[in-house]
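Annotated in TrEMBL:
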- 1-28: region 'Disordered' (REGION)
- 1-10: compositional bias 'Polar residues' (COMPBIAS)
- 72-557: domain 'K+ potassium transporter integral membrane' (DOMAIN)
- 105-126: transmembrane segment (TRANSMEM)
- 195-213: transmembrane segment (TRANSMEM)
- 264-284: transmembrane segment (TRANSMEM)
- 310-329: transmembrane segment (TRANSMEM)
- 341-363: transmembrane segment (TRANSMEM)
- 383-408: transmembrane segment (TRANSMEM)
- 438-460: transmembrane segment (TRANSMEM)
- 466-485: transmembrane segment (TRANSMEM)
- 490-508: transmembrane segment (TRANSMEM)
- 520-538: transmembrane segment (TRANSMEM)
- 570-735: domain 'K+ potassium transporter C-terminal' (DOMAIN)
Amino acid sequence: MEGKVANSSVLEDDLENGGTGEDAVGFRPPGAGNIIELSSAVDRTLSFSRVFKSPPTPNEPKEYPAVQTLLLAYQSLGVVYGDLATSPVNVFSATNLTNVTAEDLLGTFSLMFWSLTIIVWIKYVFIVIHADDHGEGGTFALYSYLRRHINFRTKLTIRNTRWSTDESMRFSNRASPLRSKTKEFIERSIRAQNFITVIVLLGTCMVIGDGALTPATCVLSAVQGVQSLSPKITQDHVVLTSVAVLIPLFLFQRCGTSKVSFTFSPIMLLWLATNASIGIYNIFKYYPSILKAVSPHYIVLFSSRNAKTLWNLLGAVFLGITGAEAMFADLGHFNKQAIQWAFSFVVYPALIITYAGETAYLIKYPEKINNAYYSCLPRPVYWPMFVISTLAAVVASQSMISASFSIVKQSLTLGCFPRVKMVHTSSKHEGQVYSPEVNYALMILCVGLVIGFKGGVALANAYGVVVIWVMLITTLLTSLVMLVIWNSNILLVLGFLVPYVIIEGIFMTSMLNKIPQGGWVPFAISAILGTVMLSWTYGRSKKSVYEEEGKMSIGELNQKLSSTCIFRTPGICFFFTDLVDGIPPIIRHYIQHTNSVREIMVVVTIRTLPIKTVLPEERFVVGKLGVEGVYRCLVQLGYKDSLNMEGGGCTREIVAKLRGNEDTTAEQRKLHSASENETVFVMGRTILAANENDGWLARFTIEYLYSFLQKNCRSSVSALQVPPEKTMQVGMLYRL
């Protein structure tokens with residue numbers, strides 16, 4: 001059963017603004033009598049809710065009991081590790097080696113062993129995984145983590161997750177001189193901020209682009225094995241069978257991560273256990289001394305004999321580690337310790353033994369390298385393993401599907417993706433989410449790729465090509481986190497950055513030859529997604545700049561409300577906005593064209609926190625704007641909370657909070673009287689018009705791309721749950 005719809009942290013744009021104040025640099029209602037008191041209230045809420053905890057690490061996660069962590073580690077097998085765990089099916093057959101010698105095979109196994117160890121185990125499992133943002137992983141989580149410590153001012157940036165009060169909180173450590181210099185450089189340099197923002201957006205698009213390919217290629221590679229049953233089974237039959245497998249897989253996603261993982265985890269555990277058992281059998285039968293190849297000198301020997309062959313071989317070896325980035329991106333569905341336990345004690349040793357067993361078999365039968373995995377299976381278990389491998393291929397698709405949901409959720413939080421429905425499928429784990437729109441878009445794309453390429457070589461070549469670019473971006477961002485946030489010694493930072501840039505750079509160059517042969521597909525998908533995200537981000541940033549420059553001052557609001565032409569209608573008006581430091585220009589527009597304001601007007605901003613729920617007494621933080629009858633209200637919600645303005649319960653809570661904040665009896669009576677009258681909810685709908693002096697690209701982006709996305713993305717009315725019969729939309733043209 002689906003969970004409640006999460007209150008979107010991106011509630012603005014076409015409803016001017018059911019937005020979130022999460023990203024504002026401090027909640028400061030203009031004219032509030034005591035800004036420090038209001039900020040302190042926010043601090044108390046965050047502290048009470050235990051969003052942030054004290055050192056040793058600035059972003060320390062929630063503690064889990066050992067039994068629960070063990071259960072999560074088991075569940076992660078069916079969601080996180082499918083891509084990594086099924087790689088033995090493809091790696092050796094993709095090497096294209098001819099006239100293979102035992103030394104070549106030992107060098108290949110050594111390369112596989114050290115790639116898994118250095119990139120997946122050391123880099124991701126023990127270093128990168130700690131650079132999470134409230135338990136979320138992936139490139140966008142790294143970006144969000146950085147922005148909570150660095151004040152980004154770039155025009156490409158929509159939201160800032162830092163608050164001015166954060167500096168005094170326990171999770172924010174005092175900067176060292178070195179970290180301050182790096183931080184100050186980034187905060188001064190708009191180019192550096194733009195560069196970081198763009199590579200993060202592109203890296204995110206690349207992960208989603210590869211996510212569309214992973215289910216298609218995994219299922220196809222498994223189903224194609226059925227052609228060995230009969231020559232009458234054609235490629236068209238394989239394509240139709242693959243489509244028949246893919247569609248139910250995507251339809252199953254609505255059940256949530258927990259149900260998916262409990263269904264898939266036994267399959268993956270069986271897959272790993274049987275592969276490891278067969279690997280041990282092959283080692284003892286064909287080449288018992290195979291583990292000597294863990295020595296890296298076998299790689300050196302291979303390279304000295306044929307460096308070009310080794311360079312071409314890297315593209316095949318990389319297929320064995322493509323699931324590492326998905327492992328980090330899926331972190332929000334589980335926790336760090338669960339990911340570490342599952343990989344270190346189950347996945348890693350099983351993969352090493354499986355690759356060792358394949359190598360041992362190939363040393364005896366090198367001519368079988370083009371179908372290495374199925375050839376090395378003992379005859380009695382061939383068909384059972386074929387069935388298990390087909391099921392495992394379906395599971396392998398899950399890691400990138402779940403990662404896509406997490407990435408889109410993070411993008412929504414930062415306002416870099418058009419609004420889509422995001423459902424939290426677990427009340428215990430904030431990161432377990434599902435998006436119907438994203439799910440069905442991926443399904444259509446996957447099915448289209450399978451049918452369009454008919455399972456050909458081009459689709460196989462496309463698999464995993466862009467992931468190496470994402471790994472490089474992750475390396476750069478993690479190095480920045482180490483320097484700016486973790487306060488690591490510069491030698492440690494360089495010790496991480498330099499080797500991994502070199503290693504991943506070599507892998508990247510070896511895969512460039514795949515681009516003309518089908519590797520362009522994920523880049524094309526990434527380019528389309530990048531256009532969507534950059535257009536949305538650019539449009540949102542231009543809107544934010546316009547509102548910041550055109551916001552009303554307290555004096556202007558006082559003057560308008562004091563005019564004899566303005567009629568103060570009895571009742572309360574709740575005006576939703578994402579502008580937290582000032583009064584948005586659309587309120588000026590509203591007053592000018594209606595010539596009336598309710599006797600009580602409350603400007604509401606919504607902030608969604610990365611916790612399950614906020615205590616009722618901490619949910620509303622209020623302040624007076626300094627004008628009679630005008631107030632500001634910050635609504636703080638957890639990811640399982642809902643803001644239901646229907647029925648009057650939520651309205652009464654806000655009024656009670658406002659009355660408790662008032663010192664004078666007259667104001668309290670006025671609030672009570674207004675609450676007895678009609679209540680209206682005002683939303684804004686803004687339309688952006690590009691400046692004629694802007695270049696053609698800027699005008700095209702605003703007037704066509706952004707406008708199209710704005711009209712077709714999900715409205716925030718459903719998330720706000722306001723009564724439609726009491727809702728008013730106010731339209732305004734923003735001429736930039």
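Glycine is no exception: its Cβ is also placed from the backbone N, Cα and C atoms.
No curator has checked TrEMBL annotations; they are predicted automatically.
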Ask   = Which range out of 105-126, 264-284, 310-329, 466-485 gives the transmembrane segment (195-213) the most CB pairs under 8 Å?
value = 466-485
Request  = Quickly jot the same-chain residues contacting the transmembrane segment (383-408) by Cβ under 8 Å, restricted to those at least six beyond its ends, or write none.
outcome  = 78-86, 89, 136-140, 204, 207-208, 210-212, 214-215, 218-219, 221-223, 225, 245-246, 249-250, 253, 257, 260, 264, 267-268, 270-271, 274, 278, 323, 325-327, 329-333, 373-374, 377, 417, 420, 422, 431, 433-435, 438-439, 442
Request  = With a Cβ cut-off under 8 Å, give me the same-chain residues at least six positions beyond the ends of the transmembrane segment (520-538) that come close to it.
outcome  = 155-158, 197-198, 201-202, 204-206, 208-210, 212-213, 411, 415-418, 445, 449, 453, 458-459, 462, 465-466, 698, 701-702, 705-706, 709
Task = Using a Cβ-Cβ cut-off of under 8 Å, list the residues of the same chain that are 6+ residues beyond the ends of the transmembrane segment (490-508) and lie near it.
result = 118-119, 123, 127, 178, 311, 314-315, 318, 468-469, 471-472, 475-476, 478-479, 482-483
Key: Positions whose Cβ lies under 8 angstroms from the transmembrane segment (438-460), at least six residues beyond its ends   = 94, 211-213, 215-217, 219-221, 224, 235-236, 238-239, 242-243, 246-247, 250, 253-254, 401, 404-405, 408, 420, 517-518, 521, 525
Note = For the transmembrane segment (310-329), the distant same-chain contacts (Cβ-Cβ under 8 Å, at least six residues beyond its ends) come to 80-85, 87-88, 90-92, 94-97, 107-108, 111-112, 115-116, 119-120, 123-125, 128-129, 137-139, 207, 210-211, 214, 299, 302-303, 339, 343, 351, 355, 396, 399-400, 402-403, 406-407, 463-464, 467-468, 470-471, 474, 506-507, 509-511, 513-514
